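Peer 1: Before I ask anything, here is the structure I am working with.
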């Protein structure tokens, strides 16, 4: 009934909740996450291989539901593995005291309300002497970690002002300099932090607010008139889209894959094949971290792990037709659990559509001007997540030359802090509006690639382009160059290298390309990026060792999906790659995993405020001797009768030979 | 009548030819290049400033026509500067004997015909014992340079077989192992080179051809059936495009610029302003070099300088509506001179159109799901050039957040050489078909940026993101980071640095941003690339010093436009950046030029054959404190009524609040 890679259904959610409630009769439970547990790969492979080869399907892998929850009485954090079909709990584990589960939406909402009505907060608010109509706004933040060995589940509430009662007024424009800390469990007020508003660590008592105009982005609230000269641009697909969808299964231009979805990772691609050849077993963003570069208390703890702390699935926007996506759109839904155990529909969280990306290949014979042109039609699978102030759009693009591209776009609103003195220069922030600084920060992403390049045992290697030695006979002019191949034999990190034009590849040692005589492979075009800037001894780095190195290679094990480990909320160390990569596993010609850390050091500019034009980073996965020739030769030529372009002026049309 | 930046007209061409013929009465002349000489910047600035400020126009800069030609009797290479309006020759210069002008189309055509009919070639052809219907094909190549101090203007003709009589049969699939060298001037046969067909320098006599099937790309010639499941994707702009064009002047979404065109550079952007503020005086690809990594004779001389050796303007494709471009297209024409002095129309060599590039900015207030979405409409100006086997698409993208992107796409056909032994491994090439190797090579581009960031005196600097020192009080956890700024004070090269996240910026020291309190600036997002691999002592590197360093800064001087110098054909040294950058000029707060070398080390894969899926590189130019906030706030929101997207299934539409 369910494909092994199908996301959880509301029925399964309700069933799991019921089973757990039965087991814990009389004890109130608070649900944090309920999702399908990743199938055991050893069981899943025969199943998807039988599908691929159109053979009789074996028994499906056991489908288990993982549940994270708390006992409301003790607030012990628990994990259970539930077999819904057989109505039993396989096991339950109590997490150690200091391990925090991810934040959940109900919890954050409750904290927001608590904060806004708490006497200690109202006391500070009084001191602001706010004019009529201006109100406080609370943004609960994951507390983070420092060396205080904090076992409590805490929440740092950053506060802002809402200058008008409009649903999109930009409170980030008016940050306030006091910030309460609450105990998320007991709801106790822990302390009031005061934010430094100068260039040093000095803080002060709350002073009356000096009114300043907020910098708004919502169209209703703009001072300036809107542009009137943007003409409509409409994409039509009169014969419908070129893709087909059956449940979670997508087929398009020889591609075939399943769209996965869960609370934590959001969009996952499973079982990606091209022309029935295996390429990737699983592709997903495994973690990300956004550490801030302002060293002062409380900002030293400001480090978001948006996948592990909260989840991309639960923060994915419910997309709207014609606003987010252009053309002929297919949407996928998902479900999350609320704290009471009710399944909540997440409608339209993943979108699927085509786009045209210019020319794919072209050649003109200069002698006679005869030309072949083929356009680059791509398939896009995308989700857009809102993490408080920030938005991230994560997209996968498929092309007809068997290339895949992972794209991250950052937009939304940079995190802001208050500053008193106009024109004050601080090393770690940019002034983006009167009274507002935007601190420097990094966005570091870990892309987890579980390859299956023509099969399930692969080898990772890299090629560097290097000069050949000067040789009197062969290379007298010193212009020859070749490639140095290095196979990665042991688990561990690896470095990118621009000066040597290092290219990482994943090959299948047992399948030789009949044209190039080399093992078939895919190249992972890594993005050389600045790694995490924070000191090795800092918790920021200890919690995110994945962010120290651009490439990690590990040997596959079930349950090793998340680069910084399973529980990142208030974590003290990286329980992910930091551990797995030290295992000294042999990884050559094995079930190997490739993890790529890439990112952006973001020192905000005024143009990023009040809302940020997208910053885009892309990672390309391209065949490298996987095929014996260009796999897109059979894409029909680009013609005017097909494309129906229009000439702007009344000069004679050029007629092409196509 | 002409704007200073207008390309040459056919009338001016005919006039210049007439004037020169008068001057050289009785002497036959052979024309190589006739184009508008770059206006003297000191004269042009007041003119374009008056335009920008809507003031009375001063006298236009003197418009001079530069002419490159030969006397047919002596074949002396000459350059003249002609004032067409005043019907006089300002000066004529004889070039030194070893200086070669660029190749011209008539010359290449004549050499091709000569080669195909020459007895020495026919003699070798006999030995091939070609079956009926299979013919030779000749591709004349720029001779290049080695240490032979060659003064003659030579041409290396690489030969291939045409297996069928079809206008697009892929002769690159059947390279032949003899290659005649001709004297382009005297048309004399110089020698027959034999290509090494193994892994060493050994060559041999021409042997009978062992028939092998060519790998074709033209749709008529494919064995495989075409894909039938690609549905049409049509872009409609029912209210027309958002741009306006008057002559060469383009206006779009607060952008204003002039499209320039000439024989050598092809597409040039002049006088780029946003919202009437100066940004860039001139933007163009100044040179490129493609050195090959096979060290053996004659390949050691294989190094294309496609801008200087031939010209991007003259090799630009005459684009066809609906094939090359999608949507609502405006074309620009150009003109070139033929060897007899006739202007030849180059129709539709530059195209202009809009495209949609996804989301530009988005934010959702998570509390109430109210969202603002704005889409990323871009303006594209593009040319596609065919350089024998290769195609390069050069495009400029403008966006509504005042960003500009320069994009290079390489496609077409990789250069091939013959190989005898199947499966032979050579260090410097990939086997891409039976009997065919594709040698490794680099594509290195020099983008010349002549900035005018809010004015004509700018400073270039770079910012590195670096950790702040651990400080017990301020930075006890070692997590703080800041930016180190380095101003470039002297002309010369500079390095990129990924580990420090180095960002180059161009600022105006005299215009301070009222929000950030820093000088207004634009960031040039350099692309860290492997620089030229060839030995420092090789001619490949001596001729292209621009390819040794990723960034060069020089002080503007008229006539310093081309990174490797004016005449690259068979050049012996770089007469461009290599000289100008050593001048020890002070460049801070001056008329400064920024040159960026970036590229791709291309070790072909089988998938690049017989025609290559595009490889794309982009350089972003983005405001960095040029504006006081996001300049795209006033772009209307993205709405379904505007975009008219279609839902694929019959589930209920999500309605957005937009």
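The backbone N, Cα and C atoms fix where each Cβ goes, glycine too.
Quick caveat, the model's predicted, so the values are computed rather than measured.
When I checked TrEMBL for this same protein, it listed these features:
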type	residues	note
DOMAIN	A:235-633	domain 'Copper amine oxidase catalytic'
ACT_SITE	A:306	active site, proton acceptor
MOD_RES	A:390	2',4',5'-topaquinone
ACT_SITE	A:390	active site, schiff-base intermediate with substrate
Peer 1: What is the Cβ neighbour count of residue A:390 (2',4',5'-topaquinone) at a 10 Å cut-off, with all protein chains included?
Peer 2: 21
Peer 1: For residue A:306 (active site, proton acceptor), which residues of its chain lie six or more apart in sequence with Cβ-Cβ distance below 8 Å?
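Peer 2: Residues satisfying the criterion: A:288, A:290, A:312, A:315, A:385, A:387, A:390, A:392.
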Peer 1: Which secondary structure state does DSSP assign to residue A:306 (active site, proton acceptor), in the simple three-class scheme?
Peer 2: helix
Peer 1: So, in DSSP terms, is residue A:390 (2',4',5'-topaquinone) helix, strand, or coil?
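Peer 2: DSSP call for residue A:390 (2',4',5'-topaquinone): strand.
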Peer 1: Per-residue pLDDT averaged over the domain 'Copper amine oxidase catalytic' (A:235-633) comes to what?
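Peer 2: Value for the domain 'Copper amine oxidase catalytic' (A:235-633), mean pLDDT as a whole number: 96.
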